[in-house]
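Peer 1: I have a structure I would like to understand better, so I am pasting it below and will then ask my questions one at a time.
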Amino acid sequence: MADVDLEGGREKGYSSPSVASGAHHGYGETEVKSGTKWENFRDSFKRNPNARVVTEALDDEGRPLPEQPPAEPALSMKLKDRHLQMIAIGGSIGTGLFVGSGSALSAGGPASLILAYGLIGMMLFCTIQALGELAVAFPVAGSFAVYASRFLDPAWGFAMAWNYALSWLVTLPLEIVAASITLQFWSGARETNAAAWVTIFLFVIISINLFGVKGYGEAEFVFSIIKVTAIIGFIILGIIIDTGGVPGGNGYMGAKYWYNPGAFNNGFKGLCSVFVTAAFSFQGTELVGLCAAETENPRKTLPKAVKQVFWRITLFYMVSLTIVGCLVPYNDEKLLGASTDANASPFVIAVRNAGINVVPSIMNVVILIAVLSVGNSSIYGASRTIAALADRGQAPKIFGYIDRSGRPLVAILFSSAFGFISYIVAAGSDTSDKAFAWMMAISGLSAIFNWGSICLCHIRFRQAWAHRGHTLDELAFKSQATVYGSWAGLIFNGLVLVAQFWTGFAPVGYAEMTTSELVENWFKAYLAAPIVIACYLIFKFVKKTHFKRIDEIDVTSGRREMNLPALLAEERAEQAQWPRWKKVWNILC
């Protein structure tokens with residue numbers, strides 16, 4: 001293999017460092033290491049000079065070459081099947097579900113809660129299926145941001161990548177502060193300065209990510225098992241409480257809170273106001289696609305992980321929130337707490353109202369773990385996106401530093417640095433609340449833009465794939481929602497943006513608000529939109545990019561396996577011998 005001309009932007013192949021160097025290339029093979037453990041540990045942080053995050057061969061004018069080489073990503077491909085399964089099942093279950101659902105219940109009532117989460121869940125199912133098809137075909141670093149550049153417009157890819165990175169960068173301090181507030185549930189922790197807890201959480205989260213993708217995968221594996229177990233336990237306990245099975249409780253409750261105070265609150269506007277909260281709760285589901293570049297065998301493991309998203313939406317969100325709506329009235333005063341306060345969690349309130357004293361502490365431990373899990377994902381998501389941006393010349397080149405263990409080291413450290421914003425808790429509650437309200441505004445609509453972009457990328461990919469003479473049988477994984485699901489997802493994402501614009505411009509009770517309060521409320525609800533538009537227009541003006549025509553779309557570079565037809569034929573022949581139950585199981589799971 002030849003070397004890489006990084007400055008010229010051309011990929012001429014790859015040169016391999018000597019075996020004695022002990023470098024990990026990130027291509028799935030680890031060289032034999034020599035020297036002491038300390039020397040190997042120290043050398044693992046040194047730059048791999050041959051590593052590139054994004055593999056795309058370009059000509060002198062920056063256009064993709066007609067014949068593209070297969071991807072040889074620089075990142076460490078150490079995520080195993082069990083890691084990806086648990087990231088898919090429980091990876092994004094955090095404060096959005098456990099705490100944010102409380103404000104959604106208060107704003108819209110139990111019926112709006114179920115409708116909004118259900119509709120967002122259906123839309124997300126279509127989106128993740130589309131992402132799964134793209135990520136299995138092109139397991140490249142940067143994932144959907146790179147797809148936007150490839151299938152739509154490089155300027156839109158730039159906007160989506162920085163939009164996504166910013167949302168994770170500000171989510172990190174938000175989650176760390178939420179964790180410190182959660183600890184105040186216990187009287188002993190309330191006497192400790194919150195900054196001390198911030199220090200501990202920062203150390204733990206940064207340490208996990210410095211262990212590389214394997215550390216991230218193992219941590220998420222454990223975190224997800226705990227979260228999933230807790231939700232299943234809550235569902236069982238909630239059914240017992242609702243049917244009057246708790247001694248000294250409220251007796252049989254059924255759906256009485258759906259009649260009094262009612263199923264809906266604030267009418268249609270209440271429903272619309274729940275959509276963004278629901279989207280925030282599901283944010284992080286797309287990490288499955290981002291993990292594809294660091295998975296040992298994405299062709300086999302990613303389809304399974306994508307299918308697990310359906311069960312997470314159905315069981316962990318819809319069932320648990322239905323029970324919450326039966327156990328907690330939307331006018332419960334405890335729901336009016338801060339959005340980062342675990343005491344305002346409807347899961348905790350439901351158990352407290354039943355007179356059970358031990359379980360709320362257990363639920364708060366689970367919420368604490370969920371918060372740390374999302375903080376852990378924040379550094380992972382931000383660092384991989386920024387490293388891919390740097391490799392494409394859309395961020396400072398230093399962020400593309402990949403060490404010999406396959407870690408985007410500088411991007412990890414940069415992302416971790418945002419966690420130190422958490423120390424603003426020492427400035428008092430008023431200052432910190434205002435600061436975090438604006439940070440949440442940056443990430444509020446981020447997921448909606450990215451999900452809509454994924455759906456449009458899938459539509460354009462299918463068009464370009466057919467234009468190049470390919471058939472769907474050549475794809476290792478096809479979206480179960482088909483291209484029509486992507487159209488539905490794209491349209492629904494657009495409707496959510498319209499609904500959020502309306503509720504941001506004229507929120508519930510807007511008649512009693514001043515003009516300045518209305519303007520501030522709109523920017524808090526819609527700040528992500530001006531950021532995305534600004535990034536798009538600036539890049540488009542500077543680089544003079546254009547929306548790609550079908551015949552310009554590259555459907556070759558980044559495909560890891562070149563003998564795919566033979567592998568697929570072998571797998572399909574094997575699956576043809578399966579019994580019927582196993583075929584059905586494979587479709588669903």
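Cβ atoms are placed via backbone N, Cα and C, with glycine included.
According to TrEMBL, the protein carries these features:
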- 1-33: region 'Disordered' (REGION)
- 83-550: domain 'Amino acid permease/ SLC12A' (DOMAIN)
- 86-105: transmembrane segment (TRANSMEM)
- 111-128: transmembrane segment (TRANSMEM)
- 164-183: transmembrane segment (TRANSMEM)
- 195-215: transmembrane segment (TRANSMEM)
- 221-241: transmembrane segment (TRANSMEM)
- 309-330: transmembrane segment (TRANSMEM)
- 350-374: transmembrane segment (TRANSMEM)
- 409-429: transmembrane segment (TRANSMEM)
- 435-461: transmembrane segment (TRANSMEM)
- 481-502: transmembrane segment (TRANSMEM)
- 522-539: transmembrane segment (TRANSMEM)
Peer 1: Counting Cβ pairs under 8 Å that are 6 or more apart in sequence, does the total for the transmembrane segment (435-461) and the transmembrane segment (309-330) reach three or more?
Peer 2: no
Peer 1: State the residues, same chain only, that lie 6 or more residues beyond the ends of the transmembrane segment (481-502) and have a CB under 8 A from a CB inside it; answer 'none' if no residue qualifies.
Peer 2: 119-120, 122-127, 129-130, 269, 272, 275-276, 279, 444-445, 448-449, 451-452, 454-456, 458-459, 462, 525-526, 529
Peer 1: In the same chain, which residue numbers or ranges, 6 or more beyond the ends of the transmembrane segment (522-539), come under 8 angstroms Cβ to Cβ?
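Peer 2: Those are 154-156, 158-160, 162-163, 166-167, 276, 394, 437-438, 440-446, 449, 497, 500-501, 503-505, 507, 545, in sequence order.
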Peer 1: So, does the transmembrane segment (309-330) come close enough to the transmembrane segment (111-128) to give 3+ Cβ pairs below 8 Å, pairs being at least 6 apart in sequence?
Peer 2: yes
Peer 1: Assess whether the transmembrane segment (195-215) lies in contact with the transmembrane segment (309-330), where contact requires at least three Cβ pairs under 8 Å among residues 6 or more apart in sequence.
Peer 2: no
